[in-house]
Amino acid sequence: MALRSPARDYLVSMIGELVGTFLFLFFAFAAAQTANQPNGTKPLTPNATDTSKLLYIALAFGASLAANVWVFFRVSGGQFNPAVTLALVLIRAVSPTKALILIPAQLVGGSLAAAAVKGIIPGDDILFAVSLGPGVANVQGLFIELLLTFMLVFTILMLVAEKTKSTFVAPIGIGFSLFIGHLVGIFWTGAGINPARAFSPALIQASFPSYHWIYWLGPALGSFLAAGLYLGLKEMKYELVGGDADKEKREEGLTVQQADLIIETLRGLPRAIQGSGALGQFEGTTEGHRSPVDLERGAEVRILEDDPHIRKSRYGSPDSTDLPT
């Protein structure tokens, strides 16, 4: 078995973010380029509206993100967005060092996607770049980008950073969030929401508008706002206030015997199994002469036995369905 190392983990994550961002944006850019091909009507830019094209492009971005997050979640986290990575750094889910590796990978992946679409699909013009709509001031565009990014990032934090029984379908919620953001933002700002998405076409066509900075500052501020709200809710223990989505899962809970077996497996410490179903005393130790590990384990036992979510089996006759097989 190959030994894990931080360098190897960083390399795998970097490759995952580069390839994942490339695939996400390639299919999204290609859909936008296809929808905006001249056919007697104007391309869907912030200067003209066409709801059918708007829906097509918004759905393409949302579906492409959902599919690729699902694929790459276990490889790199499926971030594909510097704003998302920033938020994960703020909540301490990703280290700053790792972020400095992932963000350049995202920018490179996005740029390769933009170059691939430009090279593969006929036509000289890039029709998927972002720009402000008519009458939209820079500060207005900034706040639009801030709010759209806030929605996406907060969705990701609540569905992915919070581990629940619905985490496995989180990519659907993330895709819907981006879909909604594009429905709102395409006409007004081009719906950047992602610095890699805004930067890539501008780089390939070597054209950066004077207000390009809003596609970096807006998402960054949105990330700070989303991370701040998330941390605030966690500090206030929001899960104890409203209905608990995971109540059923917790009620199923663990029996004392299951909890005991888990602790024994993790700690590797033998003990005398008592018929009461409680976790008993440690072999070869006394209350006054337990090792630090024993004392720590004893604290865990007391917590588990006092936890109302852990069902205790019948005295001396544990239910066989409660025991691991």
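Each residue, glycine too, has its Cβ placed from N, Cα and C.
Relative to the membrane, Swiss-Prot puts Thr97 on the other side from Ala196. When Cβ distances are compared across the two stretches, the transmembrane segment (141-161) makes no contact with the transmembrane segment (101-121), since fewer than 3 pairs at least 6 residues apart fall below 8 angstroms. Stretch with the most C-beta contacts under 8 angstroms to the transmembrane segment (53-73), considering only 11-31, 101-121, 168-188: 168-188. Averaged across the topological domain 'Cytoplasmic' (234-325), the predicted model reaches a pLDDT of 51. Using a Cβ-Cβ cut-off under 8 Å and counting only residues 6 or more beyond its ends in the same chain, the transmembrane segment (11-31) has close neighbours at 56-57, 60-61, 64-65, 68-69, 71-72, 75-81, 98, 101-102, 105-106, 108-110, 112-114, 116-117, 120-121, 128, 196-197, 200-201.
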